[in-house]
Amino acid sequence: MRFTATVLSRVATGLALGLSMATASLAETPVEALSETVARIEEQLGARVGLSLMETGTGWSWSHREDELFLMNSTVKVPVCGAILARWDAGRLSLSDALPVRKADLVPYAPVTETRVGGNMTLDELCLAAIDMSDNVAANILIGHLGGPEAVTQFFRSVGDPTSRLDRIEPKLNDFASGDERDTTSPAAMSETLRALLLGDVLSPEARGKLAEWMRHGGVTGALLRAEAEDAWLILDKSGSGSHTRNLVAVIQPEGGAPWIATMFISDTDAEFEVRNEALKDLGRAVVAVVRE
């Protein structure tokens, strides 16, 4: 469905309620509710939804379009900083290494780095800004320090991800064109990369802890999945968006339970950001219900 300017505000405010009521009436279990939510978002937004949900203790999983390609958008900032941490583990850099922030580096959405122009930021500060506040300039500086987008793609391959690839920097990596494989991942591939970085042995325990620290604050994700989670749960997440997309990747650690990995991608839709954002909230709500069960 294409949304006109006259109905967008109504859709944005009513979508979450409509989807929640529909899933509550049609679905009997949280998994069925999740499936219904995905189907209704695809229908109402004219979108593709890719989702992978995995319980790492038992290996139980549920997915939809798990092998299809979706733009990573800002979710790529997690593996970018994973690559920084891998080099830290190897002794090739220090997180206290400082890089300059130049006026020429500025691109749209730089809430942290725009206040540091003319100065330096450490790699630690840049990764926190890139992940927690989704600062695009911080991400570009980090990508450049690694050797460019191709170095990030090589890092994906080194952790066993044959699918994900980075071809451009911010903001061009968000440009959507149907069928374009640049700057894409799949829900399944990103789930495995998150597992490798945060739960596997790709990084040292110290590096895994640092990545978790950068991801735990929810600077730009507070109203998404983590808003539905229990207070005692640990949520490590990163969101992303473009003109036709809205994404979230997360590790969910329930109190006393095994970690879950959730990757959610909404794409190929002309709906405005507010509509896509409400749809992502609905996906997060449905995922949390499955985890809580």
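Including glycine, each Cβ sits where the backbone N, Cα and C put it.
Straight from Swiss-Prot, the features:
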SIGNAL    1-27  signal peptide
ACT_SITE  Ser74  active site, acyl-ester intermediate
BINDING   Lys238, Ser239, Gly240  substrate binding site
Could you check what DSSP calls Gly240 (substrate binding site) once collapsed to helix, strand or coil?
strand
Using Cβ-Cβ distances, find the residues under 8 Å from Ser74 (active site, acyl-ester intermediate) that belong to the same chain and are at least 6 apart in sequence, listing them in sequence order.
Ser134, Asn136, Ala139, Lys238, Ser239, Gly240, Ser241, Asn247
If you draw a 10 Å sphere on the Cβ of Ser239 (substrate binding site), how many other Cβ atoms land inside?
24
With an 8 Å cut-off on Cβ distance to the Lys238, Ser239, Gly240 Cβ center, who else from the chain surrounds the substrate site?
Asn73, Ser74, Thr75, Lys77, Ser134, Val220, Thr221, Asp237, Ser241, Asn247, Leu248, Val249
